[in-house]
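*Asks:* Would you mind keeping the following structure in view while I ask a few things?
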């Protein structure tokens with residue numbers, strides 16, 4: 001087989017010249033001109049020239065397919081072997097770009113999304129300071145004190161608290177509430193499935209906030225492609241979907257709570273026992289560690305006699321900055337401006353670090369660099385694929401399905417199915433750009449498809465094969481683990497189909513009509 005062609009060199013040359021069709025006119029007397037990449041052959045062109053041109057096009061398509069297969073293979077190998085996918089993607093992007101295109105190393109590096117890096121780093125830095133100085137724990141304790149011992153409201157309260165934490169940059173930070181929620185569920189007679197699902201749903205909903213990872217990756221990628229997707233609209237869609245899912249979970253596993261008149265053991269209420277986040281971190285419980293009840297508490301961090309200390313000056317200042325961040329983003333968005341959330345977070349974080357250097361220093365290692373690398377590597381490789389026309393090839397494949405609606409539905413199913421076993425963030429970074437050719441082909445509103453694809457990729461995360469579902473099982477009592485596993489498998493896998501049906505039917509279809 002002849003050597004594979006340099007794809008971008010051919011495409012660039014193709015765009016610089018055209019084929020004149022003799023005797024073909026647009027009605028003005030001027031012969032039409034067509035780019036050769038469309039393989040329209042001149043009437044005077046010899047059969048051998050046409051055959052060579054067709055053969056070259058086939059070789060280019062083969063090169064694009066090979067590049068796509070490399071992308072998929074690196075994703076699969078990284079997930080199976082537990083290797084940082086972002087590192088593999090950066091290496092793969094460099095190799096693919098240098099071998100199959102005429103891109104230089106500088107061109108490949110230029111595809112790295114610096115704006116997303118600043119956004120993710122700034123958000124996680126600011127909220128890491130809020131966690132280090134105790135503000136997050138204070139807000140959680142304050143909220144738990146207000147709800148009292150109403151069992152029927154506890155899943156909703158944990159949904160709100162966990163959603164707030166997940167909105168602070170890193171969705172998986174909300175996992176710190178899982179051990180707490182499962183222990184509270186045991187004390188107050190709440191079904192572990194209901195509590196676990198409520199916390200998982202909250203992480204998904206909060207993750208699509210304009211200040212959090214899922215939302216940042218989704219709307220930033222859309223904006224870079226010229227698609228007008230409001231981050232607040234995306235957040236609202238995600239919250240609405242997860243609230244419906246929470247209502248379904250209540251119907252399935254929480255109906256008995258509405259008939260209860262007493263909700264807690266008196267000794268717990270009288271003792272004023274307080275639940276602490278303690279040292280059961282999200283990273284540990286996600287892999288089944290700290291499985292015993294003792295791991296769900298940390299007596300060293302529990303206040304004496306259940307008394308809470310007042311907010312300190314630094315904590316009050318942090319709360320003011322949190323409110324200020326939200327208000328600034330909302331006001332600027334209402335004025336038609338695009339606020340740089342990352343820089344705002346760095347600004348507020350820098351002020352807090354000057355006021356309390358100790359917490360500022362402790363927050364630096366908590367910047368979510370692994371996610372920055374993951375998203376950056378994937379988007380860099382996707383940029384190389386776009387440069388060589390491989391992404392457009394997928395768009396042509398989607399068009400060949402015949403119906404843009406069916407193509408959108410299939411894409412959402414693929415996103416959900418893969419995300420059930422792999423990183424949701426990685427799937428969002430990979431699939432959102434791949435949906436762009438389908439949008440460019442027309443027939444499907446870009447904002448609706450991107451929002452549907454993003455949410456469909458996240459609603460399956462309750463599967464026990466993902467971090468969220470695994471954490472639910474890991475923090476439950478031993479005797480309840482088999483039942484929870486069965487419930488989460490059914491719930492998570494069913495969302496692979498139910499999610500696309502609901503979102504394509506309830507969001508994309510209406511958007512196509514209006």
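Positions of Cβ are set from backbone N, Cα and C atoms, glycine also.
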*Asks:* Write down the single range among 290-306, 341-357 that appears in TrEMBL as transmembrane segment.
*Replies:* 341-357
*Asks:* Under TrEMBL, which of the candidate ranges 464-486, 487-509 is annotated transmembrane segment?
*Replies:* 487-509
*Asks:* Which is it, of 79-103, 229-253, that TrEMBL names as transmembrane segment?
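*Replies:* It is 229-253 that TrEMBL annotates as transmembrane segment.
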*Asks:* Excluding the flanking five residues on each side, which residues at least 6 beyond the ends of the transmembrane segment (112-131) place their CB within less than 8 Å of a CB in that stretch?
*Replies:* 137, 168-170, 173, 211-213, 216-217, 220, 224, 318, 321-322, 325, 340-346, 348-349, 352-353, 359-360, 362-364, 366-369, 371-372, 375-376, 379-380
*Asks:* Using Cβ atoms and a strict cutoff of less than 8 Å, what residues sit near the transmembrane segment (341-357) while being 6 or more residues removed from its termini?
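*Replies:* Residues packing against the transmembrane segment (341-357) from afar: 115, 118-123, 125-127, 129, 133, 169, 210-211, 216, 314, 317-318, 321, 324-325, 328-329, 363.
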*Asks:* Taking the transmembrane segment (60-77) as the reference, which of 192-217, 229-253, 369-389, 401-422, 487-509 gives the largest number of Cβ pairs under 8 angstroms?
*Replies:* 369-389
*Asks:* Among 229-253, 369-389, 401-422, 487-509, point out the range having the most Cβ pairs under 8 angstroms from the transmembrane segment (313-335).
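*Replies:* Ranking 229-253, 369-389, 401-422, 487-509 by Cβ pairs under 8 Å to the transmembrane segment (313-335) puts 229-253 first.
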*Asks:* So which of 229-253, 369-389, 487-509 has the most C-beta pairs under 8 Å when paired with the transmembrane segment (401-422)?
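*Replies:* Counting Cβ pairs under 8 Å, the winner is 487-509.
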